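Copied over from TrEMBL, here are the features:
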ACT_SITE  His13  active site, tele-phosphohistidine intermediate
ACT_SITE  Glu91  active site, proton donor/acceptor
BINDING   Arg12, His13, Gly14, Glu15, Thr16, Gln17, Tyr18, Asn19, Arg63  substrate binding site
Amino acid sequence: MAMLTFGLTMVRHGETQYNKDKLLQGQGIDSPLSEIGKQQAEAAGNYLREVKFTNVFSSNMRRARQTADIIVKNNVHCSGVEIVSDPQLKERSFGIAEGGPVQNMKDMAKAAGQSCPDFTPPQGETPEQILRTFLSTFLSLSGISLWVMQ
């Protein structure tokens with residue numbers, strides 16, 4: 001059986017005003033990059049300038065797409081490489097906590113006796129849902145077929 005090998009580069013979007021103001025964005029807030037966020041994306045693009053990407057995938061959220069656009073623009077090998085936007089790559093849904101202060105979610109988690117990363121606000125995605133979506137999307141985008149035999 002042949003071994004499949006490949007490189008994977010993951011980049012988080014640059015800063016938004018919501019990040020700066022310590023507000024949760026999640027999937028319901030489609031905020032653009034701030035000026036600092038654009039500078040961060042430029043810096044990432046310069047750092048990744050010589051990396052040969054064969055595929056570029058991005059969430060369809062504006063902040064992620066702007067970051068990907070800037071990185072690809074700065075890359076010497078990405079001429080003609082199309083950025084594929086996939087809604088399955090969106091950030092975690094924080095449910096009713098979206099748009100509110102990060103501290104509110106920390107307080108909700110504490111009141112529920114949970115750590116913040118493990119806490120799921122009402123109408124939000126659980127860590128298990130996030131992992132399942134990520135793995136399914138990753139396998140689909142990479143063209144890997146996964147068979148589970150019982």
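Numbering starts at 1 and runs along the chain as it is shown here.
Using N, Cα and C of the backbone, Cβ positions are placed for all residues, glycine too.
Automated prediction, rather than curation, is the source of TrEMBL annotations.
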Three-class DSSP secondary structure - Thr16 (substrate binding site): strand
Count of other CB atoms lying within 10 Å of the CB belonging to His13 (active site, tele-phosphohistidine intermediate): 25
List of residues, in chain order, with Cβ under 8 A from that of Gly14 (substrate binding site) and at least 6 apart: Leu33, Ser34, Ile36, Gly37, Lys38, Gln39, Gln40, Ala41, Ala44, Arg63, Gln66, Thr67, Ile70
Separation of alpha carbons, Glu91 (active site, proton donor/acceptor) and the residue listed as 'active site, tele-phosphohistidine intermediate' (Å): 10
Nearest of the binding-site residues (Arg12, Thr16, Tyr18) to Glu91 (active site, proton donor/acceptor), judged by Cα-Cα distance: Arg12
DSSP-derived structure type at Arg63 (substrate binding site), helix or strand or else coil: helix
Residue among binding-site residues Arg12, Arg63 with least C-beta crowding, 10 angstrom cut-off: Arg12
